[in-house]
Amino acid sequence: MDDKLLRNLKYKLESQKNEAYNLLKQMGKNETIKSNTEMSAELSFYDNHPADSASSIYDKERGIAFEKNEKIIIRKIEDALKNIENGTYGICKKCGKNINENRLESIPYTEYCIDCQRTIDNIKPAEKRNRPAEEEVIKHTLDLGYDSQTEFDAEDSYQSVGKFNRRKNIIEEYEDEDEEYVEPIERISNEQYKNQLY
């Protein structure tokens with residue numbers, strides 16, 4: 001790698017580092033990070049519904065995630081600047097080959113060549129490997145494995161209970177009211193109504 005490109009990339013790294021620090025300062029001023037204004041306004045959350053405080057908790061979590069992301073980028077930039085001083089900048093940490101200059105210009109703090117980065121991205125992420133044990137149980141309780149079975153609904157339960165109400169020598173089932181009509185006025189047919197008009 002020629003000196004002009006290396007100086008250009010070093011300048012780019014330093015400016016990106018300054019931008020990341022400025023962004024962290026701005027997030028601190030705007031209380032995006034560690035915002036406790038809404039939390040400190042309440043004396044007790046005991047009587048509040050969890051949904052009432054959900055937006056402030058979400059904002060706090062988002063701020064923490066942004067802060068963590070910026071700190072990771074700053075750490076990578078500092079590592080890249082150390083590698084420039086050591087003369088190992090632009091060499092892939094995994095395979096030891098030179099990283100493409102176009103890749104370094106677009107992401108100057110990159111640690112891997114494009115092939116190794118693809119391999120890393122295709123590996124199952126750590127957060128999917130290290131999930132809590134109860135998620136395996138929950139997954140199986142929600143998906144009971146009855147793909148082809150019809151669900152047992154209210155009609156089925158009525159029919160199964162109705163089997164126990166069989167009476168010998170009684171053919172008729174007596175109904176207390178006509179199920180077809182909700183109100184007495186509905187029993188009037190259209191014929192009766194038309195005859196009434198003439």
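The first residue you see is number 1, and the count goes up from there.
Each Cβ is built from the backbone N, Cα and C atoms, and glycine gets one as well.
Taken from TrEMBL, the feature domain 'Zinc finger DksA/TraR C4-type' applies to 87-119. Broken down with DSSP, the domain 'Zinc finger DksA/TraR C4-type' (87-119) shows 12 helix, 2 strand, 19 coil.
Across the zinc finger (92-116), mean pLDDT in this model comes to 92. Per TrEMBL, zinc finger is recorded for 92-116.
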